[in-house]
Structure formats: C-alpha cells, structure tokens
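S.K.: What TrEMBL lists as transmembrane segment is 20-37, 49-68, 80-98, 113-134, 143-162, 174-196, 208-227, 247-268, 275-291, 297-315.
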Amino acid sequence: MATTKRKDGTTRSERTNPRVWLYSVLLTLQYGAQPLISKRFTRREVIVTTSVLTCELAKVVCALILMVRDGSLKKVFSQWTLVGSLTASGLPAAIYALQNSLLQISYKNLDSLTFSILNQTKIFFTAFFTYIMLRQKQSIQQIGALLLLIMAAVLLSIGEGSSKSSSSSDPEQILFYGIIPVLVASVLSGLASALCQWASQVKKHSSYLMTVEMSIVGSLCLLASTTKSPDGEAIRQHGYFYGWTPLTMIPVVANALGGILVGLVTSYAGGVRKGFVIVSALLVTALLQFMFEGKPPSVYCLVALPLVMSSISIYQKYPYRVKKKES
C-alpha cells in the first residue's frame, strides 16, 4: 500500500485512509464485546482447545472468502512457497495459538472490564519487541505513557487479587487463572505483533494470506499438543463438542472476525498505533457490562481506566521524531 511520509514521522494513509477507520471501528466493537460474548455463550464445560481450533478454522474460511472476493486468491497462492510461509507465519502462529488459549482461560476468571484493561499491556510489549526487531524508537512522552500503562496493570492486579470478582471469590484462582494468563498472553501478543509487522514490511506478505498460514500452523501445533495435554484427554473422553451448544459458535465466529481485523489494522496502521482502538474498546466493554450485567466498574477499574486512556492518548499524540542533521 502506497504511503506518504509526513514531517512528524507518521504516514498519510494512517491518518486519512477510510479503510483504517472502518477496520478500527469494527475491531473496537469486537474487542469490547468479546469478553461479554464469551462469558454469556460459552459454557464452562467447553474444552478450551476445541474452541480455539474451531476459531482458527473459521479464520481460514473467512480469509479465503475475502481473497476470492477481492480477486487476490490466485495471485497470492501462485507466489506461495513453503519456506516463505514458515518464515513469515510459522512462529507467530504458534505464539498466537498459545495466546488464544490463555485468553480463553482468563475470560472465565476475570470480570469483563478488568480483563480488557489488563489485556492492554500488549501495547507496551508490542512497542518493546518492535524496537528490538524493527528499531522503531519511542519518544520520551511515549516511554512515559507506557509506564502509566504498567502502573494501571499493577493497580488492577493488586485490586483484583484482594476484591470480589464476578467470576470467582477465590483470590488464588483469580491470580493464577485470570491475571497471570492474560498478562502472559499480552507478552506473547506483543512478540507476535512485531513478527507480523516485520513480515508485512520486509516480506510483503498479504494480511489475508498470513491469517490463513498462521491459523493452519497454529492449529497443527494445538493438535500436536492434544496428545499429552489435559484438553486432549478430555476430548478423547468426552468428545470434541463436549459442552457446546449452537450459541457457542457466536463467540467463536466473533473472535475469528476479530483476528482478521487485527491483521488488517496492523497492516494499514501498524501494531503499536492501533492503541486508540483499544481505548475505545475499554469504553465499549464498560458500557456493555453495565447494560447487560448491571455491574458498575469497581473502584480499581475506575482508577486504572483513566491511566490507560491517558497513556494511550499520549503515546499516539507524541510520536518519535527523527532529528534533522545540520548540513
């Protein structure tokens, strides 16, 4: 995609391309609603691995349909090579598969708003790994913004571990099956996002093709893990669709569409610069939680939410600027 470089180091396409706004709005809605959708339509008996595998299959189907629709399917696969696929998508796919499993666990053990705010630490880790891999530097203001984000995550961790949760009253369960999984998932998300941005910029990989490749590789990794994992034993004992209902497909499909939107937003606007999407998603989550669960945000969430919003706003407003060399 052609872009025009501005004096402040950003690109015109990131600011004015209507596709960026469309994908961002859709991703905001999906991000904000996903925790509530998963809790409402996924029974606790559902085996996590079956939910993740079905989601990956849905991503492949959706991506192929979109490639057929825009006429790129034939060209993309005529240029496809196994080595190129493994290089660009293999490692991110395995990382995302593990991340998705951790998120599924967290959904069931944290209230929706707390989950969403803790999940935002992925921005810090994305910035960190982007700097390590692509040498994209951060301004002083951006570093301060990322520190604010970490403060919010720590505040939520302390508060959530000592207060009641809508999902569980056991502090240890909240910590080990809610907070820790979502924070580890955020680290993995940052690493995978940086890898995907590298593949998009260096390898010039199509967003839809990467979705197909990563879903297939991730699914193979998960299937291999079922030979030894508790989920694999549960599948063999109870069957693949144990605990499923027709409504279970709603969060699965929503999550699959969200995965495709993440790839599009990253491709058009960059991994770190989708932060404004996440801010809006927090507001959507808080609104939906109040509307459908009748539960106002906790004090810790109310304190942490403006910290998260301020940090992402500052990060977006004060990008790193390369100093011009005097001739």
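Glycine too: its Cβ is placed from the backbone N, Cα and C atoms.
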S.K.: Can at least 3 Cβ pairs under 8 A be found between the transmembrane segment (80-98) and the transmembrane segment (174-196), with each pair 6 or more apart in sequence?
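M.R.: In contact, yes.
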S.K.: Counting only residues 6+ away from its ends, which parts of the chain sit with a Cβ under 8 Å from the transmembrane segment (247-268)?
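M.R.: For the transmembrane segment (247-268), the nonlocal Cβ contacts are 1, 13-14, 17, 19-20, 23-24, 26-27, 30-31, 33-34, 37-38, 41-43, 46, 51, 54-56, 58-59, 62-63, 66, 100, 193, 196-197, 200, 207-208, 210-211, 215, 274, 277.
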S.K.: Looking only at the recorded stretches 20-37, 113-134, 208-227, which one has the largest tally of CB-CB distances under 8 Å to the transmembrane segment (174-196)?
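M.R.: By Cβ pairs under 8 Å, 113-134 leads among 20-37, 113-134, 208-227.
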S.K.: In the same chain, who gets a Cβ under 8 Å from the transmembrane segment (208-227) while lying at least 6 residues past its ends?
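M.R.: Distal contacts: 49, 52-53, 56-57, 59-60, 63-64, 66-67, 72, 76, 80, 85-86, 88-90, 92-94, 96-97, 100-101, 196, 199-200, 235, 259-260, 263.
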S.K.: If we skip the immediate neighbours and take only residues 6+ beyond the ends of the transmembrane segment (113-134), which ones have a Cβ under 8 Å from one of its Cβ atoms?
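M.R.: Tertiary neighbours of the transmembrane segment (113-134) are 31-32, 35, 103, 106-107, 142, 146, 149-150, 152-153, 156-157, 160, 165, 178-179, 182-183, 185-187, 189-191, 193-195, 197-198, 201, 271-272, 275, 278, 281-282, 285-286, 289, 297-298, 300-301, 304-305, 308, 312, 315.
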